[in-house]
Amino acid sequence: MSHSVKIYDTCIGCTQCVRACPTDVLEMVPWDGCKASQIASAPRTEDCVGCKRCESACPTDFLSVRVYLGSETTRSMGLAY
(Lines of atoms letter the chains of each structure in order from A and count residues from 1; the text may use other names and numbers.)
(Lines give C-alpha, C1' and ligand atoms only; values in the text may rest on other atoms or scores of the structure.)
Protein backbone atom coordinates (compact mmCIF):
# COMPACT_ATOMS: atom_id res chain seq x y z
CA MET A 1 0.00 0.00 0.00
CA SER A 2 1.52 3.30 -0.95
CA HIS A 3 1.00 6.59 0.79
CA SER A 4 1.69 10.03 -0.57
CA VAL A 5 4.45 12.01 1.15
CA LYS A 6 4.49 15.73 0.37
CA ILE A 7 7.34 18.08 1.30
CA TYR A 8 6.39 21.77 1.41
CA ASP A 9 8.68 24.73 0.82
CA THR A 10 8.36 25.69 4.49
CA CYS A 11 11.00 23.02 5.17
CA ILE A 12 13.91 24.54 7.13
CA GLY A 13 16.34 21.71 6.37
CA CYS A 14 16.69 20.52 9.97
CA THR A 15 16.74 16.75 9.13
CA GLN A 16 14.37 15.88 12.02
CA CYS A 17 11.91 14.10 9.69
CA VAL A 18 14.68 12.12 8.00
CA ARG A 19 15.98 10.89 11.35
CA ALA A 20 12.47 10.03 12.58
CA CYS A 21 11.52 7.85 9.59
CA PRO A 22 11.83 4.14 10.48
CA THR A 23 11.82 3.01 6.84
CA ASP A 24 14.25 5.55 5.31
CA VAL A 25 11.65 7.03 2.97
CA LEU A 26 13.09 10.52 3.34
CA GLU A 27 16.47 12.00 2.51
CA MET A 28 17.94 15.48 2.30
CA VAL A 29 18.76 17.04 -1.08
CA PRO A 30 20.48 20.34 -1.94
CA TRP A 31 18.14 23.34 -2.20
CA ASP A 32 18.91 27.05 -2.18
CA GLY A 33 15.46 28.03 -0.86
CA CYS A 34 16.33 27.87 2.84
CA LYS A 35 19.14 28.80 5.22
CA ALA A 36 20.32 25.18 5.56
CA SER A 37 20.66 24.86 1.74
CA GLN A 38 18.91 21.50 1.85
CA ILE A 39 15.34 20.22 1.86
CA ALA A 40 13.70 16.90 2.65
CA SER A 41 12.80 14.69 -0.29
CA ALA A 42 10.75 11.49 -0.41
CA PRO A 43 12.20 9.29 -3.17
CA ARG A 44 11.04 5.99 -1.64
CA THR A 45 7.34 6.54 -0.90
CA GLU A 46 6.61 2.90 -1.71
CA ASP A 47 8.31 2.05 1.61
CA CYS A 48 6.17 4.47 3.66
CA VAL A 49 4.20 2.65 6.37
CA GLY A 50 2.05 5.68 7.25
CA CYS A 51 3.31 6.05 10.83
CA LYS A 52 3.57 9.86 10.45
CA ARG A 53 6.66 10.05 12.70
CA CYS A 54 8.08 12.52 10.19
CA GLU A 55 5.10 14.82 10.81
CA SER A 56 5.52 14.55 14.58
CA ALA A 57 9.22 15.38 14.33
CA CYS A 58 8.74 18.49 12.16
CA PRO A 59 9.44 21.64 14.22
CA THR A 60 7.81 24.14 11.83
CA ASP A 61 4.48 25.77 12.69
CA PHE A 62 3.04 24.58 9.39
CA LEU A 63 4.17 20.98 9.05
CA SER A 64 6.64 20.92 6.19
CA VAL A 65 6.20 17.20 5.64
CA ARG A 66 2.78 15.56 5.41
CA VAL A 67 1.81 11.93 4.91
CA TYR A 68 -1.45 11.36 3.09
CA LEU A 69 -2.62 7.83 3.79
CA GLY A 70 -3.83 5.67 0.92
CA SER A 71 -7.60 5.19 0.75
CA GLU A 72 -7.32 1.54 1.84
CA THR A 73 -5.48 2.53 5.01
CA THR A 74 -7.94 5.34 5.71
CA ARG A 75 -10.88 2.93 5.50
CA SER A 76 -9.21 0.27 7.66
CA MET A 77 -8.47 2.83 10.38
CA GLY A 78 -12.14 3.89 10.43
CA LEU A 79 -11.34 7.39 9.21
CA ALA A 80 -13.43 7.27 6.03
CA TYR A 81 -17.11 8.18 5.90
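The first residue you see is number 1, and the count goes up from there.
Using the three backbone atoms N, Cα and C, a Cβ is placed for every residue, glycine included.
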Figure out which of C14, C21 sits with C48, C51, C54 in the [4Fe-4S] cluster 2 site per Swiss-Prot.
C21
Other parts of the chain folded back onto the domain '4Fe-4S ferredoxin-type 2' (39-68), taken as Cβ under 8 Å at six or more residues beyond its ends:
1-29, 31, 33
Which residue, out of the binding-site residues C48, C54, shows the minimum number of other Cβ atoms inside 10 Å of its Cβ in this structure?
C48
Number of helical, extended and coil residues in the domain '4Fe-4S ferredoxin-type 1' (2-31), per DSSP:
5 helix, 8 strand, 17 coil
From C48, C51, C54, the binding-site residues whose CA lies within 10 Å of that of C17 ([4Fe-4S] cluster 1 binding site):
C54
